[in-house]
């Protein structure tokens, strides 16, 4: 007879599944990452399931099937830091990011002239972060980068701090390690609020409406000065839902499929609002093309929390190279949040 979980244990289980869901989805998208030409994407997929596409069809970089993208790598490094330090330690995170992405690493791919390069891709905010570390700057985040990297920080932080009054402050501090721009911060904080509700409550209903009400107050934790703007962005996504258009069409014709915020935030949110399960949501995200991996990480976290580990296919877990390590680290986070 199965032992019933306490409410706190149920929250921890959803937190674990959110982290795993994020990193499995990111790895699933890697083989078709940054394919903006949808005809080329469809030709590569060939009518088959799009996840863990092999060999990589990414026109910018090539890595082995089952590895994470540079977004998932940021999630993973943060997850390691949180588990080791039993909480957010910004200095530790900075050192780990430099060690993982810096000189002499797999990301140090040299001056390759042709695309795709052999090896992983360093995102713009990571390049700026490395330069700031080498210049020994105290504030290492880029003041100009408004791309999707902030979303990659959300899952492990919310998994650990969901329900705590300082959760949004922790998210902001971690995002500022690589991005020190209000647009990046406001999107990441909105992502965090949504995922927190899924982890704490285990249901989709009313989550976005509650977020909109909170943003409308324009006071309290996580208020960035961008809240009216974020509120408008969410309304634009909600306006698309009753139209019933396919997610791929909305991403490419309404919001855009690039890394740039706020469109990346809106495209990912549209998928969350128009799907009900992990597999269909992640597949739809991949097939929408462009910077699908950054969106997949957030979408995977949301539906991981909502559907649990059992909602993530066993075959996908087996293809994700880091799966067991990620699961172990996520469970360590759950143990920390329960103490």
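Glycine is treated like the rest: Cβ placed from N, Cα and C.
Since this is a predicted model, take the numbers as computed values, not measurements.
Some features that TrEMBL has for this protein:
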type: BINDING; residues: 69, 291, 294; note: Mg(2+) binding site
Neighbour count (Cβ, 10 Å) for residue 294 (Mg(2+) binding site): 32
Per DSSP, three-state class assigned to residue 291 (Mg(2+) binding site): coil
Sorted by sequence, non-69, 291, 294 residues with Cβ within 8 Å of centre, Mg(2+): 26, 29, 33, 34, 70, 71, 148, 259, 292, 293, 295, 296, 297
Coarse DSSP state, helix versus strand versus coil, of residue 69 (Mg(2+) binding site): coil
